[in-house]
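Written below as structure tokens is the structure these notes are about.
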Amino acid sequence: GLCLLVLRVFIGVHVFLVSCALPDSVVRRFIVRVMCSVLGLLVRQSDPRLRGAGARVFIANHVTPFDHNVVSLLTSCNTPALSGAPGFICWSRGFMELGVTGSRAELVDSLKEYSAHQGNPPLLLFPEEVATNGRAGLLRFSSWPFSILDEVQPVALQVRRPLVAVSVADSSWITELLWTFFVPFTVYQVRWMPSVPRRADERSEDFALRVQELLAMELGVVSTRITAADRTEHMKRLRHTSRLPFAPGGDLGYGTSARALLLGWPLVPPSLPGGAPEDVRVMAMAQQVKEVLPHVPLEVIRTDLVQTNCVDTTIANLLEGRVPFFPESKETGDLPAPSTSQAAAASGIQGSVAAPSSKPATKQFAKSSVERHLSLQERKRALYDYARR
């Protein structure tokens with residue numbers, strides 16, 4: 001791997017010089033594509049007859065920092081620089097500088113003006129705005145790329161390589177480039193899809209959602225409503241909780257659940273010190289369930305979590321009686337002092353549940369089926385009210 005890395009760094013310099021010296025043409029794309037194969041960058045395409053079939057805007061999912069370079073090996077296209085300082089680095093990476101530093105509305109106006117000139121190459125845009133590994137789902141598409149023209153052409157990208165994961169979260173483009181040189185090969189699969197026109201009176205948000213669903217079906221993944229901002233916030237939480245002994249979490253794109261993210265629960269990192277990562281993760285989720293349902297034995301919660309691997313499913317199983325258990329019957333004086341979150345949950349439950357009788361609620365298992373059903377509905381409403389807050 002190290003020998004390949006050193007050798008390919010020198011070859012990569014020659015590839016860069018050749019791509020800068022030759023004008024954009026079929027000959028240049030062929031030569032650079034052959035030289036990239038020596039670097040271990042293999043590009044394959046399907047349905048090339050659909051490529052550039054009158055469309056002026058290509059819409060693609062975002063997998064690596066070099067997606068626009070790969071597509072430009074197959075057809076002439078430009079990708080505007082949305083972040084980072086303009087200059088040599090931005091130009092050398094193949095981005096188009098528009099000189100727009102203001103709002104998205106100014107960017108859209110500039111791209112509309114660019115697309116109005118028929119001599120300019122088509123635009124290649126990534127509505128996800130951040131790269132993901134593309135194996136679980138698509139991030140929610142931003143609507144601004146669909147405000148430029150009334151017809152777009154989706155492009156499905158898939159990347160695979162041996163030994164090393166593609167598009168590791170929080171890695172820089174330099175790190176991704178070095179890993180590409182280190183591994184034997186990286187295969188890019190580009191699938192051209194038919195152009196999609198805007199429907200009559202269709203908003204840009206609905207147009208974006210429709211194209212996202214089509215791309216998700218083509219890739220065989222889920223079309224999520226998780227935005228790039230949610231992903232950024234998740235990564236901040238992971239960095240913040242990386243040194244905590246316990247951090248409850250679930251599973252979403254990069255390892256947390258959308259509901260946990262929206263409810264503000266701490267998120268669990270991939271590995272934590274002080275024990276096996278899987279055991280620590282199950283214990284963290286069990287503590288989270290225990291805060292919501294303090295009368296359920298911890299061992300019962302852990303056993304169900306091992307099977308479901310989901311906090312929400314385990315809570316639903318316990319509330320709906322699918323998991324049998326005997327409630328813990330400790331006296332109030334013997335119980336430990338509740339935490340802040342437990343106190344908030346308790347106050348929320350007391351404030352949101354109005355019992356039909358004046359008798360205080362008991363933690364003992366009710367003898368009557370009617371009372372048990374009523375208690376179940378009360379706990380459900382209390383849980384929903386607590387989750388909404």
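The backbone N, Cα and C atoms fix where each Cβ goes, and this holds for glycine too.
Curation plays no part in TrEMBL annotations; they are all automatic predictions.
Note that the structure is predicted; figures quoted are calculated from it, not measured.
Listed in TrEMBL:
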SIGNAL    1-20  signal peptide
DOMAIN    281-323  domain 'CUE'
REGION    329-372  region 'Disordered'
COMPBIAS  336-355  compositional bias 'Low complexity'
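Summarised as a single figure, the pLDDT of the domain 'CUE' (281-323) averages 83. In the domain 'CUE' (281-323), the DSSP tally of helix, strand and coil residues is 32 helix, 0 strand, 11 coil.
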